[in-house]
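Shown next, in structure tokens, is the structure this report addresses.
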Amino acid sequence: MTNLSVRDQAVIWHPFTQMQTAPSPIPIVRGEGSVLFDANGRDYLDMVSSWWVNLHGHAHPYIARRISEQLNTLEHVIFAGFTHQPAVELAERLLTILPPNQAKIFYSDNGSTAVEVALKMAFQYWHNLGKPRLKVVAFDSAYHGDTFGAMAVSGRSAFTAPFTPFLFDVTYLPVPVAGQEEAVLKQAAELFTDEVAAFIAEPLVQGAGGMVMYEPALLDQLIQLARRNDTLIIADEVMTGFGRTGRLFASHYLANKPDLMCLSKGLTGGTMALGVTACTQPIYDAFLSNDNFRTLFHGHSFTANPLACTAALASMDLLLAEEAQASIQRIAEQHQGFANRLATRKNVINIRQHGTIIAFDIYVGEQTSYFNTIRDTAYNFLLDRGVLMRPLGNVLYMMPPYCTTNEQLQYTYVQVEDLLDTLAKRTEQE
Ligand SMILES: *Cc1c(COP(=O)(O)O)cnc(C)c1O
């Protein structure tokens, strides 16, 4: 273990990590179901689905077999001028489960690129129509990825600060959380002019922004306001897609369907990097022309990689089966029970849940210095007890793979309750 950690530190720069102060990384040697095993024989319940990507558990034998078969047949092929069975079949099957207005599938490699493509489609759509629009509306505290376009439409924070001069202008709307609905709608009525090319949102749950949740009815009303001027609606379902919120897509809760949808993370069940941008027929049609300049000039080397598409097809088989669908409902019910238990606690506020995602804020009053360290305290406390959770500041959340058993969930809940007891005692002592 030490050996691998030391070698890692000699050569590797980790994501979202302050390399000077971060503890050395834990080498993981194996995964099975919701459990990760480290080099010292310790195990960890993966309650963050390895950054929200894993749906059916680690090293799932069915997905592994399908990828392995594909690997022996065709590992990759250029996707301009050529096509292949897994890409076509995946697009066909995605269109049967996406909202019915979605008509075409564009492949890329990850969530950020899926967002980049959606933004480029939206801007070029207006450009191709000869009515260029320069404005984008996004939510405060949104997270849409780490490439420049995706950063530009994300909420501005410490993460984006060094790049502010390089990010295009975006108009922000507060999230219509409980109590804010009227104010947000009023502001939106003024913001959504005929200069707005696109409105981008994470439907129902903002992930990295702190698991902020809001109701579908509000997004529906915002979409309606935006549509008065034909503004394109981009649903970033990179995190919410594939069952996380209880239904296959968060957009299924909406009456007004988005024009563009971004998918990644759970798309391959968390096994391989793949991104999808889906769009409606009118958007696709705006790029059709004998004029080459109307083309969407965008693509990545590994676009529609056959292994990744196969992984996505295998994951979809599992996801649409009764067992996974029942598990999603089961996890949602377990979370509800836990939410009721949490509700009695003084140091827990803003308990919220959509499907398999549960989140709450740890409340520690005015003690701001303590507040700042709560993330690390919670992370280490839970890791010591074999539970992998990554609090977002004082926000604790769980987003388990769907194969997580009730026993594993209950074990996690109890560890979180112990953490909350410990924190409450410390607050009393201070
Ligand atoms: C993670 C995430 C992204 C970025 O996806 P990457 O694959 O990490 O680039 C974009 N949007 C949302 C909502 C996400 O949660």
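Note that Cβ sites are derived from N, Cα and C of the backbone, with glycine treated the same way.
Please treat TrEMBL annotations as automatic predictions, because they have not gone through curation.
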Further binder of pyridoxal 5'-phosphate named by TrEMBL next to GLY111, SER112, HIS300, SER301, taken from the candidates ASP46, ASP236, ASP361: ASP236
Cβ-based isolation winner (fewest other Cβ atoms within 10 Å) among the binding-site residues TRP51, TYR143: TRP51
Euclidean distance between Cα atoms of HIS300 (pyridoxal 5'-phosphate binding site) and ARG390 (substrate binding site), Å: 31
GLY299 (substrate binding site) and ASP236 (pyridoxal 5'-phosphate binding site), Cα-Cα, nearest whole angstrom: 19
Candidates GLY111, GLY299: member of the binding-site residues with the richest Cβ shell (10 Å): GLY111
